[in-house]
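**Q** Handing you a structure now.
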Amino acid sequence: MTEQPAQPKMTARSLAVHYGGKPALKGVDLDIVAGEVNALIGPSGCGKSTFLRCLNRMNDTIPAAKVSGQATLDGEDIYGPAGMDPVLLRARVGMVFQRPNPFPKSIYDNVAFGPRLHGLVAEGDEMDVLVRTSLERAGLWKEVKDVLGNLGTSLSGGQQQRLCIARAIAVSPEVILMDEPCSALDPIATARIEELIDELRDVFTIVMVTHSMQQAARVSQTTAFFHLGEIVEVGATEQIFTAPANSLTQGYITGRFG
């Protein structure tokens, strides 16, 4: 029986971004594979974070940004003429940022914020279960179950990042975007987040920007290499790191530039 290729959860076609007339992304085509960790690598300023922000329209918040081309979620154009409500889109495509950014609220209220905003469950027992389940999925429940009323900002850096992941998954997104989620963390906290990412891909499609070649090789199944606003090469992570087809990719992963 022939194995069917993995279907894309999201796609980009001729996706371009200009900031005040300056090109940051130049007509990118890319499929985001469902049920995988899709890593985006490349030197600083190559467009990978700009691309990531296109996937849930975070670039809409930047006045000078102009986006053209197409990006789809399950075949629906998120920039189409009818438009997709950015708030609803961001519930389906969550985001975890480079530095942990818990709200100045309790641990409980950080996780409950999204479900309350979208009216997903009732307060009380239903919300309690959702908060607990989200914290368990983020590998944080046992560490905070007795201090849920404490401020999220009172946690360690690694715990704060896991709290932000719990907050993202509390609204049951289909895709989680991660913009260098470990860059501000120590090696122990980084290892825990990487383990968590591997667990989460059983439920969510993940797109992750990382500057760490080792991290991309460890946690992703598909890797796209960006350079100067374009995609140079995309493929299975093992192939990208062991037998890249493009000499520019080879130069980057071996440290000759970047």
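Every residue, even glycine, has its Cβ placed from backbone N, Cα and C.
In case it helps, Swiss-Prot gives these features for our protein:
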DOMAIN    10-253  domain 'ABC transporter'
BINDING   GLY42, PRO43, SER44, GLY45, CYS46, GLY47, LYS48, SER49  ATP binding site
**Q** If we count other C-beta atoms within 10 Å, could you say which of the binding-site residues SER44, SER49 has the fewest?
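**A** Minimum Cβ neighbour count within 10 Å, taken over the binding-site residues SER44, SER49, occurs at SER44.
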**Q** When the pLDDT values for the domain 'ABC transporter' (10-253) are averaged, what is the result?
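**A** Mean per-residue confidence for the domain 'ABC transporter' (10-253): 94 out of 100.
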**Q** Neighbour count, 10 Å Cβ-Cβ cut-off, for GLY45 (ATP binding site): what number do you get?
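**A** Its Cβ has 13 other Cβ atoms within 10 Å.
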**Q** Check LYS48 (ATP binding site) against DSSP and tell me helix, strand or coil, would you?
**A** helix
**Q** In three-state terms from DSSP, label PRO43 (ATP binding site) for me.
**A** coil
**Q** Using an 8 Å cut-off from the Cβ centroid of GLY42, PRO43, SER44, GLY45, CYS46, GLY47, LYS48, SER49, can you name the remaining same-chain residues around the ATP site, in sequence order?
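**A** The surrounding set, listed in chain order, is THR50, PHE226, HIS227.
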**Q** Sorted by position, what residues of the same chain at least six away from LYS48 (ATP binding site) have a C-beta under 8 A from it?
**A** LEU40, ILE41, GLY42, VAL209, ALA224, PHE226
